[in-house]
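These come from TrEMBL:
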- 28-46: transmembrane segment (TRANSMEM)
- 81-101: transmembrane segment (TRANSMEM)
- 113-135: transmembrane segment (TRANSMEM)
- 147-165: transmembrane segment (TRANSMEM)
- 185-210: transmembrane segment (TRANSMEM)
- 222-239: transmembrane segment (TRANSMEM)
- 251-270: transmembrane segment (TRANSMEM)
- 303-321: transmembrane segment (TRANSMEM)
- 383-403: transmembrane segment (TRANSMEM)
- 423-445: transmembrane segment (TRANSMEM)
Amino acid sequence: LACCCGTAGCSLCCGCCPKIRQSRSTRFMYALYFILVVLLCCVMMSKTVANEMKEHIPFYEDICKGIKAGDTCEKLVGYSAVYRVCFGMACFFFIFCLLTLKINSSKGCRAHIHNGFWFFKLLLLGAMCSGAFFIPDQETFLNAWRYVGAVGGFIFIGIQLILLVEFAHKWNKNWTAGTASNKLWYAALALVTLIMYSVATGGLILMAVFYTQKDGCLENKILLGLNGGLCLLISIVAISPWVQNRQPHSGLLQSGLISCYVTYLTFSALSSKPVEVVLDEHGKNVTICVPDFGQDLYRDENLVTGLGTTLLFVCILYSCLTSTTRSSSDALQGRYAAPELEFSLHELVLTLSFTDTEEQQNVKEGPRVIYDEKRGTVYSYSYFHFVFFLASLYVMMTVTSWFNYESANIETFFSGSWSIFWVKMASCWMCVLLYLGTLVAPLCCPSRQFSV
C-alpha cells in the first residue's frame, strides 16, 4: 500500500538490499519506466517477434480483429506504433515537467507526487501510451509528430554536447587549480593530453586505412580529412595568444577531449553508413569502403541486434541520468561552480560531519532509505523530467532510423542507413562549433563576462 499510494515504498525493501538515497530511488523508478517503454518499442520494431507471435499465439488473427488492430495486428507494430507509444511517454514526462516547476522543497504536495504514487503513475503512463492509438486523423498526427520528434532529438543531442564541452573546461580548470599546491598536476595534465591526442590521431589513421581504398571511397576521404582538419583547428585556436589573453584556462586538454569525441563520432558515422557494393572484373558483388572483417560482422543478426541495442540504450539512459544533476542544470543556465580543488578543508569537515549525523538520524526513521532532501531538493525535478521528455523523442527517432522510418526494423538497425550517418556527422560538427563558440565568444563580446 505504501509503495502504490505514497513515498515510503523503498522502506519496505528487504534487509539484504543496500541503503539508498531517496533522490536516487526516485530517479531509478522513472528510469525503470523509461526502460519498460523502450523495450516495448524494440519489440514493436522487431519482425522476428511479430512472426513468432503470429505462429505461436492461438487465434492470433481473431484477437487482432477483436481489438481492431488490423487483420495481423499491423497497427501494433512498425514505426507508426512506436511513434504513438513514444508520444504517450513524452506526454507523461512533459506533464510532470510542468507539475514540478519551481519546486525547491521535498515537503510539498507536488514533491510528494513526484517521489511517490508509483502504481498510479505506471497506470497513467500505460493509459497515455494506449490512448495515443485512438487519436483521430492518424496520418496528420504522425506527420506532425515526426517533425516534433526530430527537433526534440536534436535538442537532446545538443544538451549532451554542451555538457561535454562544459565538462572539458571544468576538468582543465580543476586540474590547473591543483598546480598551485603541487607541480605534479602539470605532469598529469601533459600525460592525459598526450594520451587523448594519441587516441584521436591513431583513430583517424586507422579509419583512413580500413575505410578508404586507393581507388574510390572519395566521400570517406573527404570526411576524414575534414574532421581531422577540424581537430587541428580547435587545437590551434585553443592555444592561440588571443584566446589565452581572454581565457587563461583554455588549453590542449579540452581540445584533446573534443578531438577524441570527434574521432569517435566519425567512426560511429562511418560504421553506420550503408554498405557500398560494386561489381569486380569477374562480375561478382564486392563490398568496398569497409574493413574486411566488417563484411562478416552481421552473420549472427540476433546476437548483434541484441547486444547493439542494449549498449545503445544503456548509453542513452546514462546520458539522461548524468544530464539531470544539479551541476548539469546549472551549467546549461550558465552558472558554474568553483573548481573542486579550491574547496576549503574546513567546509569539507563540516559537510562530512553533517552528512554522517544526518544519515544516522535518517536510518532510524527508515531502515534502508536515506532521506537526503530534507533541507531541499538535490536536483531540479522539472529539468529531470524535461530531459527524459527529450530522451523519449530521441529514442523514437533512433529506433525508427530517423527519416528512414518506412523500411526500418530492429533487425537491420545496425546494417546502416543514410539518416543515421548524417545525424552522427552533424553531431560531430555541432560539437566542434560549440567548443569553438566557447573560445571565440569572449573575443567577439569583450564587454561580457564568460564563465569558462
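Using N, Cα and C of the backbone, Cβ positions are placed for all residues, glycine too.
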Exercise for the section: Could you give the residue numbers and ranges of same-chain residues that sit at least 6 residues beyond the transmembrane segment (383-403) on either side and whose C-beta is under 8 angstroms from one of its C-beta atoms? Expected result: 27, 30, 34, 37-38, 41-42, 45, 79, 82-83, 86-87, 89-90, 93-94, 96-97, 100, 148-153, 155-157, 159, 312-313, 316, 319-320, 323-324, 329, 410, 413, 417, 419-420, 423
Problem - Beyond the flanks of the transmembrane segment (28-46) by at least 6 residues, Cβ under 8 Å - result: 20, 76-79, 81-82, 85-86, 89, 92, 118, 121-122, 125, 129, 309, 313, 317, 320-321, 384-385, 388, 391-392, 395-396, 399-400, 408-411, 413
Exercise for the section: Give the one range among 81-101, 185-210, 251-270 whose Cβ atoms make the most pairs under 8 Å with those of the transmembrane segment (423-445). Expected result: 251-270
Practice task
For the transmembrane segment (251-270), find every same-chain residue at least 6 residues outside the stretch whose CB is under 8 Å from a CB in it, and list them.
Solution key: 164-165, 167-169, 171-172, 175-176, 189, 192-193, 196-197, 199-200, 203-204, 207, 211, 220, 223-224, 227, 230-231, 234-235, 237-239, 421-422, 424-425, 427-428, 431-432, 435
